[in-house]
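Taken from TrEMBL, the feature transmembrane segment applies to 150-173, 222-240, 315-339, 354-375, 396-417, 499-522, 543-564, 611-629. Among the features that TrEMBL reports, domain 'TMC' is placed at 430-541. Among the features that TrEMBL reports, region 'Disordered' is placed at 664-720. What TrEMBL records for 664-674 is compositional bias 'Low complexity'. Here TrEMBL flags 686-696 as compositional bias 'Basic and acidic residues'.
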Amino acid sequence: MADKQASGSFLRLMSEESQASDLIIVFCDDHQETILDQGRCQGAPRRSLGGYSEDEDAWYPTRRWDRNVPLRNLPVSMQEKRDIRDRRNLQRRTIGCWESWRRSQRTVRRRMLEQMVQALSALQLWGRTLHSIEGRFGVSVKVYFVFLRYLVYLNLFNCLLTGALIQAPVFIFRNNIYSSTFKENDSYLDFFLGTGFLERSPVFYGFYTRGSLDGKCLNTPILFLLGVFSVLIFSLVMLVRRTVNGYKHKWMLSGRYNFSMSFKVFCSWDFCIHEPKSAAFKQSNIRNDLKMDLEEERFELLKSQRTLKVRVKIYFLRILLNTVVVILLGAAFCLIYIGTKYSHQQKDSKNYPWLYSLLLQYLPPIIITLVNFMLPHIFRVIVKFEDYSFTSQVNITLVRCIFLKLACLALFLFFLYDTLQKSPQNNQSCWENQFGKEMYKLLVFDLLATFTDTFFIMLPKKLLSEMYPECFLLKVMGRQKFLIQLNVLDLVYTQTVTWVGLFYCPMLTQICVCKLFAIFYIKKFAVQRCCKPTQRMFRASTSSVLFHFVLLLGLLMAFVVLGINLNKLKPSPTCGPFLGSSTVFNVTTMCVDSLPVHVGDFIKFMSSEAFAVPLIVVEILFLTSSMSLRSANNKCIERLKDMLVTCSSDKWYLVKQQAAWLQDQRSPQQSSSRAGSVEGSAPPEPRAHLDFHPLPERSVSQPCDTEPVPTHSRPPWNES
């Protein structure tokens, strides 16, 4: 493998640094055949298939077969399999019984682990669906569905955490489990508003009480806090890990489109494909990737041809358009503030019909959804005039839209927090349930908006375009495309709302899983039935890193909101597991005080400023050393690149010198042969270049059983 990688690097450098000629290829092939012939003459043994041969100077390197693969699955003949088996048996006898048994058990464990990994990979959700979407619409659309599947896995594990630490203890130790039954005044509107039956169910905060589990350090409030913070910390660790890995992958592949292009042209086809449908999917996937690379190359070429006047014009236009974007964002925030304020002022009035009351309850989610639906389309039109590449257009639109989404949600949460803090009924009602209801309504209405957009806007438009293909209005509207950045923002918005409302609506993770499943099938129908493949592709690796980074911002926003609410707002005196406590964290203080003195002092020290300051100093030192190491590694990488370029230049120089020397040796031979043919003399002597020795050990034409003959002529660089 090392030889292959080295040869691949050499050929890639030659292709990038110079234009290879036929003479180079012929010379390299002749030189390689000369080396192999000399290896045979020196009696080098042929390569074996079980490991390296005993002769370390053998010309033929042997192949290392993976010991985890059973012998019957090796792609070799029966005789070679017998040789490998005999060689392994001989090795077992030489190393002893105990070591042989230990190695065999280690091989068995590795095989079992590989089989388990293969079985788990085969059980991944929607594998065939994602494969078909990738073949038809490219990897960029597939990234959205992979991101959605990742959120499903993340929320499924969060469901296990909340179920084990929050729901299970309450159901086991709760005194009265029949308070969440249906009553006469309950209606189907409760599922949309979160009132009635749902308000008394385990969905919201007010259902959870201390019950009979009331120890000092093992009680319902501590388990409730542990469940919430376990979900948030686990999500933080997974997102940081995913973002860092994606960034490393992006950094390794940044700016190396030449290698990517050559790899996709010559090595991207999978020869194990035997089904026509799979072959068509693979062919479409390769075509879409090549489109994406060619789009990047075309934009870079146009960008390099810009003049100073064009650049100044572009920068001025970008400043003007960004000002327009800021004005639109300010108008959206004002509209959300006015709508939310009016909704909270009129929601207690009972003089309106039920439909109008329902609209008043959903007025903030409706305004937020309309703003999030309209402004991204305006941003997508604006960014086309800023002269960015298509990938940059997607990322810039994504950044603007995520700022819009998170800012709208933050503004709504701020107004909700201000209302709850100033409300005179805060000490009499269960305000945690009110906060949870708002988060629940945001999730429900977002799902309804997704369903409505797909089946009442996209599908009728598609049917009309099929029935009336020559309609002028439909042609002006254009064909429908799957807007990846906007759909990803919907997923980020959903997950952020789930994290923010987890403390006040503990079953929000289960609701989010159901919503994500529904969104997957709705979007799958929208992509395959209502949308057509786009003609312009963008690089999915860059946007995938940005997707996870934006999701990380949503998680940090959830940490900030929960931290402010838990520290500034007093727990409700009428409901919840923290009934009777002045703050949420009083239960942890009581638990620490009940522990032994040394343990309690250690925990208090870990949570004090005296430990935080040294920890911050250590983190700064660690980050400084990591940055220094990164800088040193970058310099080393640049030096290695320069060495590779120098090595390639040296080889190119040697090849040119060899070609010139061969040409000089051939010219007198050709002139003498012409003179001999004219004068009728004897045939010419053998050509002098046959005496050339690429390697000094032995000539190509010399027999194997004779001593090397001294050379009569050497290349100019070997005269010394």
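Note that Cβ sites are derived from N, Cα and C of the backbone, with glycine treated the same way.
Worth saying up front: this structure is predicted, and the values here are computed from it rather than measured.
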For the transmembrane segment (543-564), could you work out the same-chain residues 6 or more beyond its ends whose Cβ comes under 8 Å from its Cβ atoms?
140, 143, 147, 228, 232, 235-236, 239-240, 242-243, 246-247, 249-250, 391, 394-395, 398-399, 402, 406, 409-410, 413, 417, 484-485, 488-489, 492-493, 495-496, 499-500, 502-503
Suppose I define contact as three or more CB-CB distances under 8 A, residues 6 or more apart in sequence; do the transmembrane segment (222-240) and the transmembrane segment (396-417) meet it?
no
Do we see three or more Cβ pairs under 8 Å linking the transmembrane segment (499-522) and the transmembrane segment (354-375), pairs being at least 6 apart in sequence?
no
For the domain 'TMC' (430-541), what does DSSP give as the number of helix, strand and coil residues?
85 helix, 0 strand, 27 coil
Mean pLDDT, the domain 'TMC' (430-541)?
86
